[in-house]
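Feature annotations, courtesy of TrEMBL:
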- CYS86-CYS420: disulfide bond (DISULFID)
- CYS275-CYS292: disulfide bond (DISULFID)
- CYS441-CYS446: disulfide bond (DISULFID)
Amino acid sequence: SLPQAPRAMQIKMPGKAVCHCLRQALLVVSAICLAVWLPPAGAKISAAPPDIVQPPLNRFGTKTAYRNVERIFPDLPAPSGVADGCAARQLIMMLRHGSRGPSVKQVRRAEVVLHRLASAFRSEPAFAKTATGWSSPFALTGGGKSLSNVGHQEHELLGSRIALRYPNLLASHESVAVLSSSSDRAFESAKSFLHGAGLTDAEIAVRVADAHIRFYDDCHKFKATIDDGPDGKREYRKFMAGQELRAAAKAAQERLGLTDIDLSPADLAMAFSLCGMEMANNLTVPSDSPWCRLVQDPDAHEAVEFLLDLKHYWRKSHGYDLSSLIACPLVSDLAANLVRAAQRERAGGAASAQAPVANSTVLYFGHAETLFPVMARLGLFKDPHHLTHESYAAHRQSRQFRASRLVPFGANFALSLLSCQDGSLYVQPALNESPLFWTLCNHYRCPLDDVLRMLDSQCPQSFDFEAVCAHKAGVRDEL
């Protein structure tokens, strides 16, 4: 039998009750079918060539469409509010904003590159026509990077599915806390999620919390040495100049008949990201996109995917300890929320002096730079050996850290506090609506006390963000 819709989804809106109910019914049907995408109104839909939509050619790093996420454990059901004699008492989710477009700077550079390339086509005049006829299909107001129609729909449908799986936790707006970065695309994603869940931002105030979500902006040492400094892109630059990408660029150049100019690895990387954003937003099919044509060869595609993974790995994840250590403000907040919910549960579910008020659902809407460090700090998706410019052969097919799978547009990482019939409390992690096997306890859920000890060991209460992030200009820090 289907789970009952939460009460908030049954609220009648004066003057719009019928439309509201019909709309919610459509969302429920979509959620039941596990849909994660709807095309924007008026979008052109064509059948893509079979070879272009199969892995690896549907993986675009952090520009991957949420609908293309490969379920990590496809045979396991999505986590829900009740399972195996346990019931969810709290849901904490960190979510990346939905699909967006490029920045104005990226589009202007793309136009320059296309003008340079289009004049050199010889063997494919039809492709030259496609290239010269390209114009940005993205909204570029406010500098670009705006949440798209698809981005809104991704979060609206995600909200409807989460509300169906955790009806008791999202039934009352009074017990839901929503925090967002100050970015419009994150804030709008939060509003779309709430709308899909049957809640509104009029009922729930979306609170800007950059200190918890955009922690990377406030760490001077991180920005000087890793994010904007030389250390964060060292492996990226070495692989960019390496044999694999040079060979991929040369092969694409020969395939497209570029006889008078050189196609660079940087051109391939730009094409990779633009193709991903076009595909994620359903704005084209690969055969109509000059960017997708540039990286349609599987060897080139996988090489560029690894190139960008190197950047994310070293700047935002396991590469340097500081890259994930700066997530401690958010990790500590996660732990505090779990502790409050556990105290309430052990007190019989009622708030008291011994059991302070705890939110049943806590949602953080942010960015790839939010999710990568948190998961790294929790020890997730850590390969036995570092990803480096020399490890492509070893890591090409087999690596845990793959941004396309971990943090696509609309990515979500969740921790559910479970109360079981024997009185024990567990924490169940999930990524992109799939349960995660946690090596912390070699299971899909771990005892709460073990999780809290781990969180405290990674981000102790004595952690001093300002001291860790202090940086003196001209002083070389050991990372």
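Every residue gets a Cβ built from N, Cα and C, even glycine.
Given the structure is predicted, the values throughout are model-derived calculations rather than measurements.
The structure, with features from TrEMBL marked on it.
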{"residue": "CYS86", "record": "disulfide bond", "DSSP class": "strand"}
{"residue": "CYS275", "record": "disulfide bond", "DSSP class": "helix"}
{"residue": "CYS292", "record": "disulfide bond", "DSSP class": "helix"}
{"residue": "CYS420", "record": "disulfide bond", "DSSP class": "strand"}
{"residue": "CYS441", "record": "disulfide bond", "DSSP class": "coil"}
{"residue": "CYS446", "record": "disulfide bond", "DSSP class": "strand"}
Please tell me which one of the disulfide-bonded residues listed here (CYS292, CYS441, CYS446) sits closest to CYS420 (disulfide bond), measuring Cα to Cα?
CYS446
Given the disulfide-bonded residues CYS275, CYS292, CYS446, state which is nearest to CYS86 (disulfide bond) when distance is taken between Cα atoms.
CYS446
Of all the disulfide-bonded residues here, CYS86, CYS292, CYS420, CYS441, which one's CB has the most other CB atoms within 10 A?
CYS292
Just to be sure I understand the packing, how many Cβ atoms besides its own are within 10 Å of the Cβ of CYS275 (disulfide bond)?
26
Rounded to a whole angstrom, what is the C-alpha distance between CYS275 (disulfide bond) and CYS441 (disulfide bond)?
40
What's the CA-CA gap between CYS446 (disulfide bond) and CYS292 (disulfide bond) in angstrom, rounded?
42
Roughly how many Å lie between the Cα atoms of CYS441 (disulfide bond) and CYS292 (disulfide bond), rounded to a whole value?
42
